Amino acid sequence: MEEGTKLEYNSVRSCKIKGKGGFRASSFIYGFVGLDNIGFVANMVSMVLYLSFKMHFDLSGSANTVTNLLGSTYLLSIIGGFISDTYLSRFHTILIFGTVEILAWTLMTIQARYSSLQPQVCDKSNCLEGGISLLFYGSLCLLALGTGGVRGALPALGADQFEHKDPKLGRYFNWLLLSSVSGSAIGVTIIVWVSTNKGWWMGFLISLVGTFLGFVIFLFGKPFYRLQLPAQSPLTRILQVISVAIRNRKVQLPDNPDQLYEINEKQSDSSEPKIAHTDQFRCLDKAAVVPKTMEPTAWRVCTVTKVEEVKIVTRMLPIIGSTIIMNTSLAQLQTFSVQQGYRMNRHFGSFEVPAPSVPVIPLLFMCVLIPIYDFLFVPFARKITNQPSGITQLQRVGVGLVLSIISMAIAALVEVKRKNQSLKNPLEPIHVFWLSFQYAIFGIADMFTLVGMLEFFYKEAPAGMRSLSTSFTWISLSFGYFLSSAFVAIINSVTKRLSPSKKGWLDGQDLDLNNLQLFYWFLAILSCLNFINYLYWASWYKYKSSDDDNLNTNSKSGHDNNIVLPKSASVSRVPFLKANENEGSSTQETEETN
C-alpha cells in the first residue's frame, strides 16, 4: 500500500470518534441514491417504448431486451461487491463504477439525439446492425456494468456507518429504500414526460446530469464516512474450505467439535470475530480437522470460523432461490404493464399520463408507507416480538411473497377486463387507473421483500463478505429478470405448437390478439408454489445470532473449549468470543483522518 493510502486510513474501533458514521454520513448516500434512481428507474420503465418506437424492436424483443439489461445490471453487482471486499474500499469501488455509469448515459444520449445513429424501420424483430448496433449494445453494457458495480458496494458502505448490532441499522435500510423510491417517483413522472413529449435524448440527458450531481454529493460526504480496508478474497476463503473438505473427505470427524482447528486472538492477524460451530453441513467440518503430520496451512486446514462462513453462505442459497420468481413477476409489471397502459385511457381531465409513468402509483404508496412502517409498525411489533426490526427479515420477505401472488392474480383479472373492453369497443378503452391495483400491491410487496433481503444478507454475512453478500439481493433480481426473458421465449414456443391458431401467447405487437392474462395466471400459480418452497427454507434457516447466544451460554456455564493440539500445529483452541458489537469487517475498521 502506498504511503498516501496508508495516511488516508487510521485504524479505530468506534464510528463515534470525530463525528464519523451514523445518519449524517448515510444522508450523503441517500442523496446519491435518490438522484441516481431518478434517471435509472425512469428509463427502465420507459425503455420498452424507446426500443419499440426508436429502435424498432417487436413486442417480445423490446420486453426481453429491457429484462436482460436489468438482469445484467443486477448480476454485475457481484463484481462491485467482490472488488470492494477484496481489493478496494467500498468508497473507491463506487467512484470507479460510477464513472462507467456516467459514460454510458453520455453514449445513450448521443445515440438518441441523432437519427443517423438510429436504425431504419424493417420487417425483422431487430433492425440493429453495424456501428449502430455496436453503439447501442456497447452503451447498454457500460450502463449495466457501472450501475451494477455501484449497487454492489453502496448498500454495504451505508450500513458500515452503524454498529452491526445497532437497531438503527434496520432504519438505515428502510430510509435507503425511501430515498430510492422518492427519486424513482420523480423520474417516472418528470423524465418520462420529457422523454415521450420532448425527445428521448433529453430524458437521457437529465439522467446523465442527475447521476453526475449524485456523485458530487456522494463525494462531499467523504470526510464523514467510516471506511474499511479490504480483506482476503471471500471467494478464496470459500474455495479453501471446499478444497480442504474434499481432500479430507475420508477423514473421520472427531466426536467433540471443540477438537476442530481454530486460531486464538493473539495468533490471528485479523480483528474478525470467531463464529460458533454448528451441526449443519458436517461434511464441511472435515476442512477443520487438524493434520497430524504437517504444519497447518490455509490450503491444508481451515479454521472453524472459515468453515462456518461457508456454511452461512450455503444456508443463504435457498433463500436467494426462493425469491427469484417474485422478481420474475416484477419484470412483467415493468414491461408488459407499460404496454398495457399505452393502450388504455390515460387522461385525467385534460392531462394525458404517459404510459411509462403508471408505476408512479406504487412508488407514491411506498413513499407514504415506509415512514409509517418505520415509525409506527416497527415499534409496535417490537413490543410483541422483542425483535429490533419488529419482525425478522425472513418474515418480512415472506409477507412480500404473499403480496406478489395477489398482485399477479389482480394483473390477470385487469388484463381480462382491458382486453374484453378493447375488443368490444376499441375507441373507449378502460382507464389506466385499473393498473394501479396490481402496482400498488406489488409496490408494498417490494417494500417488504427488498429491505428484508438487504438487511438479512448484510447482518447474516460473515464480516469479510458483506458487500458480496448484499449483492445476493441484486442477484435474485437478476435471475428473476433473466428467467422472465426465458419464460417469454418458452411460453411463446410451447403455446405456438399447442394452440389451434399456431400463435404464441405473447407473439406480435398487438396485445388484443395475445393472451397476456394467461401468462399472468401462470406466474400467479408459480408464485404460490414458490411460496410453499420458501416457507420450508425459511423455517429451516438458523440465524447467525442464535450461534452467538449459544456462545454466551457456554461461557456462563464454565464450558472449557481449550484443547491440546499436536505440537506441529502450534495453536491452541480458545473459547469462541461473541461477535463484537463494533464489528464491521473481517479487516480493521477504519476511519479517515481529517
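Keep in mind that glycine also has a Cβ here, set from the backbone N, Cα and C atoms.
Residues or ranges marked as transmembrane segment in TrEMBL: 28-53, 65-83, 95-114, 134-154, 175-194, 200-220, 316-337, 357-376, 397-416, 436-458, 470-491, 518-537.
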Does the transmembrane segment (357-376) reach the transmembrane segment (436-458), going by 3 or more CB pairs under 8 Å (6 or more apart in sequence)?
yes
Do we see three or more Cβ pairs under 8 Å linking the transmembrane segment (28-53) and the transmembrane segment (175-194), pairs being at least 6 apart in sequence?
yes
Does the transmembrane segment (200-220) reach the transmembrane segment (95-114) with at least 3 CB pairs under 8 A, where each pair is 6 or more residues apart?
yes
Counting Cβ pairs under 8 Å to the transmembrane segment (65-83), which of 175-194, 316-337, 397-416, 436-458 comes out on top?
316-337
By Cβ distance under 8 Å, which residues at least 6 away from the ends of the transmembrane segment (316-337) in the same chain are close to it?
44-45, 48, 62-63, 66-67, 70, 358-359, 394, 397, 400-401, 404, 407-408, 411, 435, 438-439, 442, 445-446, 449, 453, 456-457, 460, 469, 472, 475-477, 479-481, 483-484, 487, 506, 511, 516, 519-520, 523, 526-527, 530, 533-534, 537-538, 540-541
Are there residues at least six beyond either end of the transmembrane segment (175-194) with Cβ under 8 Å to its Cβ atoms? List them, or say none.
26, 29-31, 33-43, 45-46, 155, 158, 202-203, 206-207, 354, 356-357, 359-360, 363-364, 366-367, 370-371, 374, 447, 450-451, 454
Segment proximity, the transmembrane segment (518-537) to the transmembrane segment (134-154), 3 or more C-beta pairs under 8 Å:
no
